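Pulled from TrEMBL:
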- 63-455: domain 'Amino acid transporter transmembrane' (DOMAIN)
- 82-111: transmembrane segment (TRANSMEM)
- 153-172: transmembrane segment (TRANSMEM)
- 184-207: transmembrane segment (TRANSMEM)
- 219-237: transmembrane segment (TRANSMEM)
- 257-275: transmembrane segment (TRANSMEM)
- 287-311: transmembrane segment (TRANSMEM)
- 331-356: transmembrane segment (TRANSMEM)
- 376-397: transmembrane segment (TRANSMEM)
- 403-424: transmembrane segment (TRANSMEM)
- 436-454: transmembrane segment (TRANSMEM)
Amino acid sequence: MSAMETKPRNGSTELESFLPHDNSSVNVITKYKISNGNDLELANTEFDPFKSRHLEHPVSDCDTLTHLLKASLGTGILSMPAAFYASGLVLGIFSTILVSVICTHCSYILVVCAHELYKKAGKTQMGFADIAEEACLRGPAWGKKFAGSARQLVLVGIFVTYFMTCSCYAVIVAKNFNYVANHYLGYTVEIRITIALLLIPLILLAYVPNLKYLAPVSMLANGFMAVGLGITMYYLVADIPPISERKLVADIATFPVFFSITIFAIEAIGVVMPLENNMSRPQHFTGLCGVLNQGMSGVTLVYIVVGFFGYLKYGDGIKGSVTLNLPIEQYAAQAVNILIGGAVFCTFGLQFYVCLDIAWNGIKKRYADNETIAQYTLRTVMVVVCVSIGIAVPTIIPFVSLIGAFCFSLLGLLVPIGIEMLTFWEKGFGRYNWKIVKNIVVAVTAMLALIFGSKSAIEEIVMMYTSPSNSTLLSNSTGLLADGVGLLANTTGLVSNSTGLLANSTDLFDGAALFNVTALANATSS
């Protein structure tokens, strides 16, 4: 019996069940439509992932741009004057553009690979971990065995980094508020008390259900940051000295410090896929004038302006955060610290969403009957653990910087180029294999970020342990830190079975940027 004479099954022959047809016939003979070089599998499975995507709360292009600006325009921008001090005025401009191009490119290729893998996998949306897994599964044969490991690497790396960053944010907010309060009270308020007072407001912020409703919070954060930066710029452009008094190109020995501060401040890889996954028109995220390029172009311009004028105004006296150079006795300078603290507080929700997305997707199958109660219980527990770590170790920022230097270099730069290589393995890497050459440059950049970012963080930790003023604080914090780490380990375990969307970016290393002054001083003296 031939294929055309196979017995009917559910009213159709096997051939009719297998081949897509165009609903037309000639002389009672069904006409079948085959495309892609008569590749029956591709013809049968090809679909438009964007038209097939259905979201309960779609996010507009404008809201996505708002989230992206908030993720990238964090407190790290206040360290850009110190970065320009390490590079010089002219070199700082071009180097900032270079770093921004590299970071934006890695985010861009991650989304491009996601759109390619949507079609291959028949999915409408994927997270960072899903993309890493699918790239291995649908790439060369030797990559398939690394699919599970790639997924877990991304999940654990992003969860730990962002969760610790949220703890860091609680400390940064408390320090900004205390900086003003201490001036009026005449004595130093215990930082742990201020962090503890933030617990309830942070829990309420974590209860915001999704990114759509977080958009107004991000807009508020952007407003706070814009006003704070506006006031700061007023101080920076008033009575500025001539450019001839500043270095146009700094000593090469200090340039790694610029690199470390800038790359960690700009990068926003963590929020890229959650934003794309929630867009009503995800195809608008990429493209020459897409949301990603629009947002990062604006971010880069603001970073350059603040860095240039900050270093031009204060020169060698610049501090790790330019707000610390402002006269604290003046109301406008006090307002800057309060506004920046408010902006970081609002940003906590976006960063927390990344961790929540990973943790919830790891356990939601177990609580299908009580999904709402389980999710809000998880949110509460995660915030409590997060704040507890900040209370236990208010000196947590250098530790977060060390974790970030490792995880970001790996996840923000190396993993995206690896995904690109696997995704386009069969299609090739362009004329003269230019993608391979480009990815080698990115890999070298990642290694430099890892080396110098880790070096700066380790130097901060060593100083923390060797400084007599910090020894009592560290000894009192040891027991609390152990408890906090134990809770964090239990929370991290939720990631192991995660199958859902993965999130992204960056504001990720604001803490690292703010605490590179020691590395800067050491590099300068050498």
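Heads up, residue numbers simply count up from 1 along the chain you see.
Yeah, the Cβs are placed from backbone N, Cα and C, and that goes for glycine too.
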Positions on the same chain near the transmembrane segment (436-454), where near means CB under 8 A and six or more residues out: 102, 105-106, 256-257, 259-260, 263-264, 401-402, 404-406, 408-410, 412-414, 417, 420-421, 429, 509, 512, 519
Positions on the same chain near the transmembrane segment (82-111), where near means CB under 8 A and six or more residues out: 128, 131, 243, 246-250, 254-255, 257-259, 261-263, 265-269, 272-273, 276, 285-286, 292-293, 296, 299-300, 303-304, 307-308, 310-312, 315-316, 318-320, 322, 412-413, 416-417, 419-420, 441-442, 445, 504-505, 513, 516-517, 520, 523-524
Range from 153-172, 184-207, 257-275, 287-311, 403-424 with the greatest count of C-beta pairs under 8 A to the transmembrane segment (376-397): 184-207
